[in-house]
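Heads up, the thing below is written out as structure tokens.
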Amino acid sequence: MSQDSQHGKWTISSSDDDEDLPLSEVKPEPTKPPVSSLVTVSEARQSAAKNQVNPVKYETSPSLAGKRKKEISDSSGWALSDSDDDGGDVKKKSPGNEPNRTPPSPKTKKTKVANERPPSPHGRLYYIDEPEDFFESSIPCLNDAYRFYLNKVTGLDRKYNSGALHIRDILSPLFGTLKESVQVSNHTMSCVCVLTVRRDRPVLIVHGDKREAKARLVQQAQPFPHIRFCQAKLDIAFGTHHTKMMLLWYEEGFRVIILTSNLIRADWYQKTQGMWMGPLFPRLPKGSSASAGESPTFFKRDLLDYLASYRAPELEEWIQRIKEYDLSETRVHLVGSTPGRYVGSDMERWGHLRLRKLLYDHTEPIPGEERWPVIGQFSSIGSMGLDKTKWLAGEFQRTLTTLGKSLTVMCLVVIYIFSCRPAGGSLPYSIQTAQKQLWLHSYFHRWKANTTGRSHAMPHIKTYMRASPDFTQLAWFLVTSANLSKAAWGALEKNNTQMMVRSYELGVLYVPSAFNMTTFPVHKNPFPVSSSSSGFPVPFDLPPSSYSAKDQPWIWNIPYSQAPDRHGNIWVPS
């Protein structure tokens with residue numbers, strides 16, 4: 001169905017308006033002049049679904065996808081699967097038993113070999129292999145002051161990946177001898193293959209898939225007896241399981257990682273992502289009290305409460321295990337959302353009221369704070385009503401403006417990308433939603449990240465912060481899975497006496513008081529990383545750049561056939 005709108009003529013897509021869809025991301029620079037191509041959302045989805053139902057393998061031809069990644073292993077049992085579609089070990093051939101190959105007859109129909117891998121929805125030429133020095137071979141130089149790191153991005157100048165991390169680095173023996181893990185993720189279509197990086201280590205995958213998607217996931221895991229599943233309960237309509245977290249149990253201790261990447265290759269390839277990676281927590285002495293190992297931020301208590309909110313027997317073992325560890329070094333606050341309707345004091349346990357309480361209790365008023373803008377940066381936008389007073393300014397902004405016991409009116413800056421092909425599948429802002437809230441577009445600013453080298457790496461990261469008027473200081477900083485939506489942050493009901501949250505989300509809040517500081521200085525040049533820097537590594541450029549008169553926000557279900565991106569790609573959803 002075609003209609004005319006303020007954004008031009010558009011076609012309604014049959015796609016659902018999901019919070020977050022891992023269809024594609026920034027395409028690597030071509031070595032030849034790019035050729036415009038037609039990218040169709042529905043075809044990519046159908047291809048991906050077909051590949052998961054009937055997975056097969058193939059041996060990559062150098063002419064198609066470059067040099068195939070070699071399997072790497074050591075005595076600790078760590079091995080990297082070469083693909084997000086590869087379901088198991090690569091079949092190896094003995095060099096001495098190579099059969100003599102004869103050219104195929106022109107009349108002979110080529111048959112699919114048994115180990116042929118299906119094409120990626122991005123196309124076989126989409127991914128390029130990372131060089132071996134892309135990954136860490138020794139413990140990297142990291143800025144441990146805040147333990148906030150960006151993901152590595154394939155194709156960047158080496159200095160912009162210095163101090164950044166890849167999932168292969170995180171799960172390698174460099175950070176501990178892994179015994180068992182929990183992987184909490186939203187998109188799990190290809191997570192089984194990603195998790196074959198540690199094929200002999202038990203892993204529990206917490207997911208929100210239902211019906212056909214759940215069946216595909218279980219089928220995909222059948223060859224891997226070390227993988228188990230835990231399904232998150234989604235009792236309220238239109239909610240999603242959107243949390244991304246790793247719980248890693250080592251021979252040497254225990255670690256928590258809260259991040260913005262899903263367990264799919266696309267999210268670890270050419271997108272801007274971030275994470276808080278906790279320190280290696282030691283085991284408590286036997287006989288320690290129940291309150292032992294708690295941090296000044298009560299991170300341990302809040303993590304246990306969040307895991308208990310799943311009401312899942314599969315997580316009970318981990319809840320008891322975490323109680324045995326010392327998490328007292330943690331200096332961030334946990335900010336989570338879990339589905340439900342909450343009243344009384346429980347209203348402040350989850351969602352944006354949780355953030356409001358933390359800002360009230362752990363920050364202090366700042367002189368001239370009305371001139372300190374709040375910046376929100378995210379990859380998806382929900383429906384917020386016909387005008388800003390319905391939720392954004394009437395409810396959510398009150399949370400964001402809280403500094404101790406003060407409450408001020410201030411400027412709200414929204415950073416949202418305005419041109420993104422083919423990465424637009426991960427920025428699901430629909431025309432149906434956009435047309436209902438044109439007032440929101442006046443808040444929009446460009447994504448620009450020259451300081452981190454990531455201006456062209458689609459931002460799947462979600463961050464919120466309050467900056468000084470000159471953008472050199474931060475009053476607080478939050479990295480989270482939560483996009484700008486009522487489903488993620490919750491909405492007040494029944495004359496503000498009840499809080500309703502639809503989705504699972506998780507993030508960490510940095511407040512200066514936990515670091516014995518009054519504000520965080522902004523790091524102007526976070527790369528290459530220095531372990532001695534006290535500046536906070538904001539992932540994009542400050543101050544933000546406003547949209548120009550010609551800029552329009554990215555809408556994922558209308559065509560962009562007359563304006564190819566920098567690689568010559570156009571976007572035509574069906």
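These residue numbers are counts, starting from 1, taken along the chain as shown.
Positions of Cβ are set from backbone N, Cα and C atoms, glycine also.
Annotation comment: TrEMBL describes 1-124 as region 'Disordered'. Annotation source TrEMBL lists compositional bias 'Polar residues' at 37-54. Residues or ranges marked as active site, nucleophile in TrEMBL: His242. If you look up TrEMBL, you'll see Lys244, Lys462 marked as substrate binding site. Positions annotated as active site, proton donor/acceptor by TrEMBL: His460. As annotated by TrEMBL, site 'Interaction with DNA' applies to Ser485.
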Provide, as an integer number of angstrom, the distance between the C-alpha atoms of Lys462 (substrate binding site) and the residue listed as 'active site, nucleophile'.
12
What's the CA-CA gap between the residue listed as 'active site, proton donor/acceptor' and Ser485 (site 'Interaction with DNA') in angstrom, rounded?
15
By Cβ count within 10 Å, point out the most packed of the recorded positions listed: His242, Lys244, His460, Lys462.
His242
Alpha-carbon spacing, Lys244 (substrate binding site) to Ser485 (site 'Interaction with DNA'), which is rounded to whole Å:
17
Cα-Cα, whole number of Å: Ser485 (site 'Interaction with DNA') versus the residue listed as 'active site, nucleophile'?
12
